[in-house]
Structure formats: C-alpha cells, structure tokens
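Per TrEMBL, the features are as follows:
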type: DOMAIN; residues: A:27-137; note: domain 'Toprim'
type: SITE; residues: A:His57; note: site 'Interaction with DNA'
type: DOMAIN; residues: A:153-601; note: domain 'Topo IA-type catalytic'
type: SITE; residues: A:Arg163; note: site 'Interaction with DNA'
type: SITE; residues: A:Arg164; note: site 'Interaction with DNA'
type: SITE; residues: A:Asp167; note: site 'Interaction with DNA'
type: SITE; residues: A:Trp179; note: site 'Interaction with DNA'
type: REGION; residues: A:187-192; note: region 'Interaction with DNA'
type: ACT_SITE; residues: A:Tyr312; note: active site, O-(5'-phospho-DNA)-tyrosine intermediate
type: SITE; residues: A:Arg314; note: site 'Interaction with DNA'
type: SITE; residues: A:Arg502; note: site 'Interaction with DNA'
type: REGION; residues: A:792-831; note: region 'Disordered'
type: COMPBIAS; residues: A:794-831; note: compositional bias 'Basic residues'
Amino acid sequence: MNLGTLLFYFAKNFNLNFPKNRFDMVENLVIVESPAKAKTIEKFLGKDFLVKSSFGHIRDLEKKDFGIDIKNNFTPKYIVSTDKKKVVTELKKLAKEAKTVWIASDEDREGEAIAWHLFEVLKLKKENTKRIVFHEITKPAILKAIENPRDIDDNLVNAQQARRILDRLVGFEISPVLWKKVKPQLSAGRVQSVSVRLLVEREREIIAFKPEAYYKVVANFFITEENGNQKTLKAEYPKRFATKEEVLQFLESCKNAEYKVSDIEKKPSTRKPAAPFTTSTLQQEASRKLGFSVAQTMAVAQRLYEAGNITYMRTDSVNLADTALAAAKEEITKRHGEEYVKIRKYQTKNKGAQEAHEAIRPTYLNKEVISGESNEIRLYNLIWKRTIASQMSDAKLEKTNIKIAASTNGEEFIATGEMIKFDGFLKVYMESTDDENGKQEETLLPTVKVNDPVTEDFLNATQNFTYRPPRFTEASLVKKLEELGIGRPSTYAPTITTVQNRGYVVKESRDGVERKYEVVNLKENNISEEVKTQITGAEKRKLFPTDIGMVVTDFLNEHFPNVMNYNFTADVEKEFDDIALGKLIWHEMIGKFYNPFHENVEKTLEHSERSTGERILGEDPKTGKVILVRIGRYGPMAQLGETPEDKEAEAPKFASLRPGQHLETITLEEAIDLFKLPRDLGLYEDKKVVVAIGRFGPYVRHDGKFASLKKDIDDPMEIDLPRAIELIEEKRKKDREKFIKAFDEDPDLQILNGRWGPYISYKKENFRLAKDIEDPKALSFEDCMKIIKEGPKKKTTKKAASKKTTAKKTVTKKKTTTTKKKTTTTKKAKK
DNA sequence: CAGTGAGCGAGCTTCCGCTTGACTT
C-alpha cells in the first residue's frame, strides 16, 4: 500500500465512520425507513445524532406453514428477511452502543409495525427507546418530533399484523386451489384478483357493446361584425337524430331559410387548480402528459428523490408543509404578481389514505429546472408546475352561447365559446383527462348582437356512433383501485407487474378497424350525401385481460365472492381501524373471517369442477364432430371431437388459438380454420413442403428444416409453393451466413454470426466479441480461447443456476426477463 | 426453437407492503 492509497483509505473512513462509530460513542441513533431520508435528517440534527435506515420492513412471516400458527390464535412466526440480515446486524450493533435509540419510521400502520419489529429484533429497552413521528422532512418538523417522543402504539401494530395475516391467509389458501383447479403457478390475492376482475368486467362490457348510430347536425355561418370584419361561426343543432330519414326531413325544412342571432347567453364560471401530486395522481398525469408507464414514473421519481429534488414519491397525502406554502407564495408573487397567489390547504378525499408523508413536491420551489436525464427533467417540471399551480388563484372564465334561429322552422343552432377572463393557475398548469374523444378547444366567438343577421355557408349531418366503455390504461386502473381503497402507493406499480407476470393481463396496442359513416350536406339549397371511412377501436398501450385471467376471475367470483367483492378491502379496513383504536381484538377479527373462509376453501377443493373455460362452438360440417375451445396445458386451444371415455376410440384433434383469438369471442368458422393446418404444399427437391403453426408462429417445414413465415406478409392459409420455396431459400442463405469460421484444433469452437453480431460458440456457451474487433475471420484459435477464458466469470454461476430440471423452465424464464428489465434501467441511469 | 393437450408423483409455485440494490442475451 503506497502513501496515496493509505491517505485515501484514511480520509474515506475518517469521514464516514471515524468520529461517530469508533471514538465517540453514539449518543443518539435515529432509525428511519429510507436511506435518502436518513441523509437529509442527519443534516438537520447535527453531530450528536447518527441517522440510519431500516430499508423498510426488516421481518416478514415465514413462508413455511403460512408463518401462522392458526390453531393458536393465529400467532405469527416472523423471520428476518434474507436481504435485511446485514442491515439488522449493523443496526443491532449501533443500537447497543447508543445511549438513546429514536425510532422514526413513518406514522402509519406499516411504519408502526416496522418500529415494533425493530424494537423486538434489535432487543431494545423501553427506557432508552423513543418513538417519534413526523409527516414532513423539514427542520422544524423534525425538531418538534424530537421534543415529543411517545411509545410504540401496540393497537396500531396489531392492526398491521391483522392486515398482514389476512393477506397471507387469503393469498396462500386460495392460490393452491387455483393450482389444482385451473393451472399451476397461478395466484390470487386481495388486491391482484380484484384488479383483474375490474379488467375482465370492463372487457365483457366492451364485447357486449353494440354501437348505436346517430346523426349530429352542424352548421357553418358567416357573420359580419360591427367593424366590418367577416367571421365564420360554427354552431351545433342541440338535438340528435336517430335515422337518416329524420335528418333528410330536417335539412329539407332548412332549405331557403334565413338566419339571425336569436339569443346570447353569458355565464361566468371559475376553475380551480388540482391538488398537489400523490403517487396515484402523479402516475396518471405522467401517463397522460408524458406517456410514462407507472413503473417508469416511479423509477424516475425515485431518482429525483434520491438526488434531493423532490419529496417522497410514495404518498397518499395532498398536504404541503408550511415552508413549502411560503416558498410557493414567494415564487408566484415574484413570477406573476400577488393577484395570482391563493394559498390553499387541500384535503384528501380518499378514505383509505394514511397520510404519513407530504404530497409529492419539489424540495426547493425556487428551482424551476433541474439538471439530469431528460425524463427526470420532464417529470420534475410536471411536479413543479402542479405544485405551484395548486397555490394559485382560480381561473375566471366566461362561457357564451349564441343561438341562431332558422326562419323556416324556428329551430335554433347553438355556438358555444369560452373566454378566459383571468387565467390564474392556468398560466402554469392544466390537468389532463382520460377522456379519449372529448378534446375541448378554446373557441373565441365573434362579437354579435341579438337580431344580427347571419348567412348560411353549409349544414352537414354526420353519422356518429355511441362509444363503448374505454379499456383501462395502467394509470386509469391505478385511479380506480385508489377510489376503491384497494392497494397502497407502494404497491400500485408492482401490482400491475404481478398481474401481467401471472398471465392474467397483457399490455398491448391494437389496430383499429375501418368503419364507414355517412354525411349528409345541405349547401346552397342542395342536399347531397357521401360515405366516408374512419378508423375506430384502435388502442394504445391498454390493459387487456387474457383468457386465463377471465377463467380465473370467473372461478374466484363463483367460489370466493366475499374476497372478490369490490368492498372487501374497505370493509376489512374498517375493522383494522377498530383494532387500531383498541375496540377490537385482532385475532378475533381474523378468526371470524378465517373460519368460514377456510371451510369454503376445503369445500371448493373437494367439490368444484376443474375450470377450463370450455365453450362448445358447434359441429364440424365435415366430420359432424363437436368443436370446442378451452384452456389446455399450453394455453387456449380448440378441440375437434370429444375427449373419449375409453382409450380405444379415436383421439380428438387439437390446435392452439392464434394471437388475437379468444375463448369468449372466437367463432365456429374461425375454429374450423384452425384445423386446416398443417397444409401440404407439394414437393420441392423431391421432398415435402408443409406449412403449419408452431409454438413460435407459422412456419414452413422442408427436409427437416424450418423457416418462419413473415409476419403481416404471409398467411399460412393462403401461402403457395413458390413463396414457400422463397422462404426456404432465404433461410438457407441466412444459415450459410451464420457460419464464419471453424477450427481444426477443436471442432467445438466456432465463430458464428448471430442476432447481436459475431460471437464465439464453444461447447454450447456463447461469448461475445469485443466491439473493436473488426474482422472476426482473422481471429486465431488462440485468440478465441483467450476470449473464452476471459469471459465473464459470473456467467458460470448464472448458467449453473438455470441448468436445472425442465420443470423449472418457467421460473428461469421469469428470472431472465427481470434481469433484462434491470439492465435497461441501469443503462438509463448511466445516461 | 417448431404438431404438446393422458396420468403418475416428487417438489415447486402463492399473498401485501415497506424499502433499495442489481450486472449481458
């Protein structure tokens, strides 16, 4: 070790641990939940306080035997989570040395439980342990908290234990029922199952929806203002027509009409700014305005939080600290003037809210722009605007209706416009809506008086269709869950991931379909008709329930209606509140739920049928055999012929459903088509060419080799022999190019061309070539062996882990997808 | 990488909430 490294080593340790851990005994140890919070608080408290974090919960129920002694008043068995052992050891040591331990976990049910677990696990003593709480990370709030310590609230802790145990019981008792009755590896839970139910019910409403046509009439007028300016005025006829006959009749009655302004109405109105962000509203707005997924929003917000730019991002509170209110007032006054300031205290409307934190806001409101990655800048900007706007004056608007009457039939058209009299908060921020069609635009109306004449330009009646209920986006599902009081800020994003991982839900974009609509015009007393086309039903990044999601939901609805009830969470929350108040004993509450629940589980296991979502579509016209669809071992499938009782009989034929086909909507004709494959196309080079659909989509097979059909270009039902030969030849060419070099020294060693460029293949392991290698053909045998030896060491352990039995295949698959996700986030972080 | 859908049985899966840390096909 040279002098430089020694000095560095010394300096590093001196700064971090030296004064507090080694020489001076720690006077005060403060434990919070989040490390970023610890850093901030340490600054406020000064030298006598060491602030550490528990990284959330440190213990959880054991997984074996539910971690609950059911027969013994549901006594929980907790164990320190493996990833928390290190933290616990460190905290234990520090707590032993400290004179006073301050437990400053959040002031809510979970926070109180964390405090209690810490007390138990760290073997703290009552005399020198103090429980403190604060809702905002400001110096006055922290100092005030230190002055007002209290004891751990056992009732609140019990409420949390009841919550935890209930969730474990529900999840771990119902999931195994699904493994037996539907499919292994499935899951059910108080939150996830209801989330899927929302999607399933909405999907069925959409399937059942029949659009109804109606006609809307719009008129375009010319008008000359007093100063001589000619303006156009667009007005709508307030009534809708159901049929074209009525439209024609109405337009006929408008022929030769003269028009004049018959009435002007002016209505003042005000608009208020939206409350500061909570987790759920941030996710919604970031989705609407920035196109973020909820997970993405949380990841970006986490980075902003860790950099000290915003307050905590998992919160259900709309409250702002007084210091923030004062800063907002100052900022707004400075930027826009005093008349734009209106300090407001918002109150949460959500019943389940626990409000342990502040709303999400910039730490320093005078910082309008931060430095960082582009998504961080954008999200911060959104938070800054929303926070500032929340403390600004109402916008004052004036809504104007101008009515225009036709001389022939006395009917009136209405032109509406909105004028902003005072912009107020609109100067900074405008909340978006989920409404897909209703994009309103500010329209400025011309200046007119009653009885002013107007001239007709044209009238047109456009055929419209009633719109089906919208599908959920991630963010709108979160909004709905929050309204129902289901889930917490820390679980919204993970819940959406879970239901997708279980295969209950997919997030997809789907193309719309063309639809024709009619337009009837009246211009210069001539009625003409035209037919136009529009695209309808297109979806962008929406959540769709899968067939398995639907089957599981139906099964759970039938057998566990109590848990699937949208009010279940709200109802048990009331009881948790009573436990927290000391009015109810937690294990009695759990017992009351559990006994009938468990009986139901047993009954279901014993008596209920296996659930496959089977639907009989009809008969195959060729063979007369039944055609049905159901969920099979490998997913949704169609079956031709009964499952035979005795083994002598002819076995049924099977075919997987194609992407986009669903158990509930597939027609008999579509199912019959599925059995038209495999198709024999003929001979090529004296060998059969067959087209079929496999696990990876449609393909042609020839001479033992496979070539995929081109997506969106080739149709397995239509493809002919010449095209198939084209694909086979293309595949052959690709295979030839794949091979770069082999070696006489060792036949196991090859250089190949892959999807990610050239790579070395050696005994079934692949090694990437460094980017600076220009000509892989020039590599010698020794060069390759060197690359193999220097290849990533960790990889071997990874490989070993994934080389388990085939039964584990799905598990390893899941693992690789999560690691993929992780790498993309780290990549982003680096940028 | 490519036509699976039977049945047996071992051993596994699974919940919600609180936090952050990770390593390459």
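Count begins at 1; order follows the chain as displayed.
Including glycine, each Cβ sits where the backbone N, Cα and C put it.
Counting every protein chain shown, the number of other Cβ atoms lying within 10 Å of the Cβ of A:Arg502 (site 'Interaction with DNA') is 20. Comparing CA positions across the recorded positions A:His57, A:Trp179, A:Tyr312, the one lying closest to A:Asp167 (site 'Interaction with DNA') turns out to be A:His57. In the three-state DSSP classification, A:Arg164 (site 'Interaction with DNA') falls within a helix. Sequence-distant neighbours of the region 'Interaction with DNA' (A:187-192) (same chain, 6+ residues past either end, Cβ-Cβ under 8 Å): 166-167, 170-171, 174-175, 177-178, 481, 486-487, 491, 495, 498-499, 502, 504, 552, 556, 560, 563, 568-569. Cα to Cα, A:His57 (site 'Interaction with DNA') and A:Tyr312 (active site, O-(5'-phospho-DNA)-tyrosine intermediate) are separated by 17 Å. When secondary structure is read from DSSP and collapsed to three states, A:Trp179 (site 'Interaction with DNA') falls in the helix class. Annotation for the recorded positions A:Trp179, A:Tyr312: lowest Cβ count within 10 Å of the residue's own Cβ, A:Trp179.
Taking H, G and I as helix, E and B as strand and the rest as coil, DSSP gives the region 'Interaction with DNA' (A:187-192) the counts 1 helix, 0 strand, 5 coil. DSSP classifies A:Arg314 (site 'Interaction with DNA') as coil under the three-state reduction. Rounded to a whole value, the Cα-Cα separation of A:Arg163 (site 'Interaction with DNA') and A:Tyr312 (active site, O-(5'-phospho-DNA)-tyrosine intermediate) is 24 Å. Summarised by DSSP class, the composition of the domain 'Toprim' (A:27-137) is 44 helix, 27 strand, 40 coil.
Between the C-alpha atoms of A:Arg502 (site 'Interaction with DNA') and A:Tyr312 (active site, O-(5'-phospho-DNA)-tyrosine intermediate), the distance comes to 30 Å.
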